[in-house]
Amino acid sequence: MASGLIGRLVGTKPSKLATAARLIPARWTSTGAEAETKASSGGGRGSNLKTFQIYRWNPDNPGKPELQNYQIDLKDCGPMVLDALIKIKNEMDPSLTFRRSCREGICGSCAMNIDGCNGLACLTKIQDEASETTITPLPHMFVIKDLVVDMTNFYNQYKSIEPWLKRKTPASVPAKEILQSKKDRAKLDGMYECILCACCSTSCPSYWWNPESYLGPAALLHANRWISDSRDEYTKERLEAIDDEFKLYRCHTILNCARACPKGLNPGKQITHIKQLQR
């Protein structure tokens, strides 16, 4: 259904997802139990060592989550945060669990919080000037294991807006393409590019406090994408379906969503457009 679904789950079994889910605390600190693991090249002459503090929680041994330190030589690592995670998993700690797939900012699988900002690990460069980088799961989501969060509610909200073309007029010729002008096609720019990574929704305070009732920036952006599509004939019904004080109007245009989007989209702008159509 969504591009993020193709991201493979590294190091855990899908059958344990539902039972292993746990909510990541809004605020927490590492404990004295955190371990420090050094690369074999650590301390070597001419090395450029950097510490990565990574959120760890294992459903098979439940307890308080902690930050675990890993030190790697940046001279022996790719430039992106995902490169560091893959290096840690392949060479230092195979138990580290995270999602990833395309490595090109297309699938949205590797969304996580890096130094306090949501983003894609494959598009986030390692900051050379900082001695440490802290990596945690997307905030206010149920954690399955380590950096893997449960996306079930997020995808259900996306599904609820019926993200597909709906027609009332039967096609004159079966399977015939429904055309639209270049001008109408251009109206979809800034919406169709969404990769459903959830960086925007999990950066939104309104979504944090109303995750079951507020649809969130991503789902509402897609709602406007179909509301704005000249080929769709259910505009009125789509607007009525989300005309709700919680589904739509929990958005207070804080615009954390726009700042977090790795594709440079502005969900807040699209939500404002929906509100204007509701008047």
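Cβ from N, Cα, C; glycine included.
Take the [4Fe-4S] cluster site that Swiss-Prot assigns to Cys194, Cys197, Cys200: the candidate from Cys122, Cys261 listed for it is Cys261. Taking the C-alpha atom of Cys200 ([4Fe-4S] cluster binding site) as reference, the shortest distance to any of the binding-site residues Cys102, Cys107, Cys122, Trp209, Cys257 belongs to Cys257. It is Cys122, among the binding-site residues Cys122, Cys197, whose Cβ has the fewest other Cβ atoms within 10 Å in the structure shown. Not a single one of the binding-site residues Cys102, Cys122, Cys204, Trp209, Cys251, Cys257 has a C-alpha within 10 angstroms of the C-alpha of Cys197 ([4Fe-4S] cluster binding site).
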